[in-house]
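Marked as brevianamide F binding site by Swiss-Prot on the basis of experimental evidence: 94, 102, 205. If you look up Swiss-Prot, you'll see 113, 201, 203, 294, 296, 380, 382, 446, 450 marked as dimethylallyl diphosphate binding site, on the strength of experimental evidence. For 115, the entry in Swiss-Prot reads site 'Required for regioselectivity', with the evidence type experimental evidence.
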């Protein structure tokens, strides 16, 4: 039986009451923190209200945001007076605009997640060119604040996947070894449960480590997982995933290119030449015996035929749930009018002030290694919708919500989404949602939106 339809209530206030009340009593640590708060906290507050969090839980999460997250966002973005481009010194690999903050909305469960790339004023400078120090400090602070956070998995994966000081020095002395603009190695996220508990996650991107050691991303990721998985909980699922990756590398299951194949970018060269390439992993920061691992891979062929191949592991995963999920995924793809083509890794970021129309990137999948009896890890698809018209995308999502019986979401989501961006021209905006993910869990659709989470304030705002 499919899960109950998710909650969604209208929330269009420019200054939601919890945000307004806290703003009147906060002593900020710096002007940067104050500006980050007013640029982001109203969006978070509206998301919590519209997703029907209890009022006391809303205040708890906004307070957590102020005390833990704001100090980790680093210097506030600056607007270039000549180009009008708004950007931070450190370009975060978490967000295509380079910003270090992203709120995502799991609409299937009406749950909100806060993604953070913790930074300092030194991040991206010669003192800390790959931002290796601040994420650990941030997570250690989170572990002191939040019950149940266990950093064992973080330390284990950090040792295997993050460059050392000596390796950082090699990359600085030899810049041609790693020319990709995507330099983030550790990202973080907090799932805000409606009970008031928080699930903290860490994400590891080993491309700098790959460049300096000469080991492939796949080799680094797979060996790190096997090293921490001492009881072999993930072995069957991981081995089947590796077999699929190897078949793809040998040229099996590959459709014809649907568009003129563009040349590889500098970011592409950090990965396998195969169109389907291992990318990064994430882990829950709970006690190791309960921690899940998700293995992420990207696909440059963005079309439904390739989605179906990955979803079924080349036709090997064909249990009833997999096929029901695939049928629903086909409707989802059609409803959002997903574009298709061959998309390389972007040449660089699309900072605020640049045109986002037509911006393209590969799609991604994560494979959930959970230690269950299932021989294949459950996949979740992420399609890049940055560069597609944001209003049309939300209209397509509304069509899908009605298709699956999410009437409250269909009635209120579009208005709630647009309320987060009061100064945007929705006929032109193409950057308000970066990715949409789809999975099939517990007999129903599982959809998450990764949304733009920043409205500039003060002298950084766009001129009228």
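We number each residue from 1, going along the chain as drawn.
Heads up, the Cβ atoms here are built off N, Cα and C, so glycines get one too.
Where Swiss-Prot records a feature, it is marked here on the structure.
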| residue | record | Cβ neighbours (10 Å) |
| --- | --- | --- |
| 94 | brevianamide F binding site | 23 |
| 102 | brevianamide F binding site | 25 |
| 113 | dimethylallyl diphosphate binding site | 19 |
| 115 | site 'Required for regioselectivity' | 21 |
| 203 | dimethylallyl diphosphate binding site | 22 |
| 205 | brevianamide F binding site | 24 |
| 296 | dimethylallyl diphosphate binding site | 19 |
| 382 | dimethylallyl diphosphate binding site | 21 |
| 450 | dimethylallyl diphosphate binding site | 23 |
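When the recorded positions 113, 115, 296, 382 are ranked by how far their Cα is from the Cα of residue 94 (brevianamide F binding site), 115 comes first.
The subset of binding-site residues (102, 205, 296, 382) lying with their Cα within 10 Å of the Cα of residue 115 (site 'Required for regioselectivity') consists of 102, given in sequence order. Note: the CA-CA distance between residue 205 (brevianamide F binding site) and residue 296 (dimethylallyl diphosphate binding site) rounds to 10 Å. The subset of binding-site residues (113, 382, 450) lying with their Cα within 10 Å of the Cα of residue 102 (brevianamide F binding site) consists of 113, 450, given in sequence order. In sequence order, 92, 93, 95, 115, 117, 184, 187, 203 are the same-chain residues whose CB sits within 8 A of the CB centroid of 94, 102, 205, the residues recorded for brevianamide F being left out. In the three-state DSSP assignment, the secondary structure recorded for residue 382 (dimethylallyl diphosphate binding site) is strand.
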